[in-house]
């Protein structure tokens, strides 16, 4: 064995662990010194105002204390937090700053948390059910000590069952040739060829085998088959993973195969479905179970007596009795543990749970024949060495193309701490030790193809059973635009939906993307998709909090988490919000390619990505994702949602609430009132010059070319140019004729109709699009005369460069972020708003040439021609005056009251109304007002009565509790005085 290699490796790992440990301690210290308790709770590292709800004795005599939120009730839950089983926590009294005790968190649910305290705190820890406490997450000394101990053991390891394995893993020797094994009879007959090959390969290898399982390829199924085949050969297997969830997943699968399995770890840390296989449960079924139970009961009784007595001599006797009982308990439990371990075919534990500090210290050094480490790519290499030293062979399973091990120290991560054992061996030995599973059973083929090309060298394929499945194929789900596509990109580029800039730059948020997510989820739910089948993934905790505030009340089953919380999970639909949108093009946390791979591959049937393409395209890997979605998916711009989302930096004219009765409209908008958000998005596409392309459609001459096409003016566009000229000729002929209207056939495509809309606008004609689906058609008609102008529209003269409008640029492919012919969506939208404003002003000026006897009110009712149709010599000052006058008039339909002196501004639609119509429920903003009130209540957690202030009266329950506490205290003082008085009387 190359001792120098071992020594240098151990020295490097210890140095990296020390950096990580120091960074973790410094982070905790900084939080405690510079953050308030509420800030710590918002960070997820502190739980406030807890009460003791129960105490009992657990395994090895540990004291288990259950804490719950102070206010009891069915709806009271713990706040969002980052506590997990195994965390070291500090216990504090709410009214004191000193720490009462240190314990290990063994179980946490939405409503309670259980902490285990060792025997050293038994007599110092006196917890009162009436008091309130807080728990603070501390740096995990236990894990650090176990990792350090394993590395030091490796350094001193000279002879033993793992000697050859250590040589191979540290580069002292090459892997031995595979041995010949007889043909296998598989327990699982549905394994695909790549899975069967991986099983045979793992069993044939002498020292090490790596099973590379990309998302959805059945890695756990393959690992279970390997374990069963090893047990069949008479081998003793130790199976580990870095997390309790991963270990419990294997326990559930192995339990179905009726093998003797034993799960190490306290049952409070395990899933309920596997607790029967825990060491504690097995011991409870053993011959010594009743004796052990009697000893524990005796310990609890002695604790009770010790708590009641005040005599020091009796307390000392009780302590000695407890020590003797614990000694007997330990001896009987160890004998039962050895018996249980020997009877098991497979022993399962976390990496750190397999240390010599636990039950495995009772077994011989060479007891196990093979060690299996699942999810190895997520584990620190130092943690893997804890179980690896217990057997001559190891089988590693995982995916090093997904999330790496979690670290706090950026310096340690760059120096190699975040590089897993699996990744290091795969790069060093390649195919000699690695077999990859090539068929996935989760994702639609469009999702699979991107992951395969981006991360897995094109080797990953979709099984036919999932290759074409979509959301619309689920029971009860309708066929809509959202449910019929596997890939959807909502691009916020140029829409003003910028990220929130935090001072500490620790986390980012994007309220605009939150609103887009909300609208898309509502569209999916309206189509019949269950909220529990949808996941929202964000890379930043601040964005996760914003999403939960907006969505959790309405959709409680909806899962909203960070990327790290979703590895190993899957959902029918996944919505990704990338958050980053800034002028510098900084992507920050998104630069981790493996993080994006995990996020995208959580979806089975539908992935929606919401991002700013201008920002994310500055990162090469993210640009490949955007380009792929553009080529194979459906692309929308956030402008399609402008009826529901208005960027904060837009003026109020752009927010035309569809809940109000419409004012006269300019011709760029449809004359029909939108019946749904989907229809309003279609109108927005027509107004901004965008049409969408579904992945199944080929780019034809009459359709917009996909973004990836480079033939903007080539032969592929000839057909589109010819059709435009054909439509232009038809409209010119109509203008020259005396016909009142021109109807176009229903056979026109959506883009053909867009061309007709644009041409009609050029000629100053009225253009209406009516009908639904295949019955949709366009009618072009003449406008009413404006002022003294002619009723016959004139063909437009060629515009000068200064007058040129951006409409002809609509042929530019959608979504290209760079290029000289880039279509500026924001400029188009602002121009549309300007035209709408001009239309409104013209409606105020249009009656100037009518007889004086006509009433002024009558003139305001009649819509006039658009601003674009006004003569070029129109007095600009008059136009401005008209706009100002319109702005000082009540925005409610059929109301001409002035709002110059007495008017109210509506925060929901950004308009002014007179006192008769200023209430949101009257002028059409009632729903928005109710939504705002709900959001405020959800955010502040306080229900306000009208516009009054918060009721600061003492809560009746709290008052009653304090009264009971006072009465109890008075009773105790009274009894003490009575007893002293009696003693005094006896003395006399």
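Glycine is no exception: its Cβ is also placed from the backbone N, Cα and C atoms.
According to Swiss-Prot, the features are:
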BINDING   213, 214, 215, 216, 217, 218, 219, 220, 402, 441, 570  ATP binding site
REGION    637-783  region 'SS DNA-binding'
REGION    651-722  region 'Disordered'
REGION    765-820  region 'Disordered'
REGION    835-872  region 'Disordered'
MOTIF     857-861  motif 'Nuclear localization signal'
BINDING   906, 909, 923, 925  Zn(2+) 2 binding site
REGION    943-988  region 'Disordered'
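This view paints the features noted in Swiss-Prot onto the structure.
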{"residue": "213", "record": "ATP binding site", "DSSP (3 states)": "coil"}
{"residue": "219", "record": "ATP binding site", "DSSP (3 states)": "helix"}
{"residue": "402", "record": "ATP binding site", "DSSP (3 states)": "coil"}
{"residue": "570", "record": "ATP binding site", "DSSP (3 states)": "coil"}
{"residue": "906", "record": "Zn(2+) 2 binding site", "DSSP (3 states)": "strand"}
{"residue": "923", "record": "Zn(2+) 2 binding site", "DSSP (3 states)": "helix"}
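Per-residue pLDDT, averaged along the motif 'Nuclear localization signal' (857-861), amounts to 40 for this model. A Cα-Cα distance of 54 Å separates residue 217 (ATP binding site) from residue 906 (Zn(2+) 2 binding site). Residue 215 (ATP binding site) sits 46 Å from residue 909 (Zn(2+) 2 binding site), counting Cα to Cα. Under a cutoff of 8 A between CB atoms, and with a sequence separation of 6+ in the same chain, the neighbours of residue 219 (ATP binding site) are 211, 213, 374, 397, 398, 399, 437. Residues 213, 214, 215, 216, 217, 218, 219, 220, 402, 441, 570, recorded as contacting ATP, have a largest CA-CA distance of 17 Å.
Between the CA atoms of residue 923 (Zn(2+) 2 binding site) and residue 570 (ATP binding site) there is a gap of 45 Å, rounded to the nearest whole number.
The number of other Cβ atoms within 10 Å of the Cβ belonging to residue 215 (ATP binding site), over all protein chains shown, comes to 26. If you draw a 10 Å sphere around the CB of residue 923 (Zn(2+) 2 binding site), it holds 26 other CB atoms from the protein chains shown.
Each residue contributes its Cα atom, and for residue 570 (ATP binding site) and residue 906 (Zn(2+) 2 binding site) these two points are 43 Å apart.
Reported as a whole number, the C-alpha separation between residue 402 (ATP binding site) and residue 906 (Zn(2+) 2 binding site) equals 49 Å. Of all the binding-site residues listed here (217, 402), it is 402 whose C-beta has the fewest other C-beta atoms within 10 angstroms. Taking Cβ-Cβ distances under 8 Å and a sequence separation of 6 or more, the neighbours of residue 906 (Zn(2+) 2 binding site) in its chain are 912, 913, 918, 920, 923, 925. Its Cβ taken as reference, residue 213 (ATP binding site) is surrounded by 27 other Cβ atoms within 10 Å in the chains shown.
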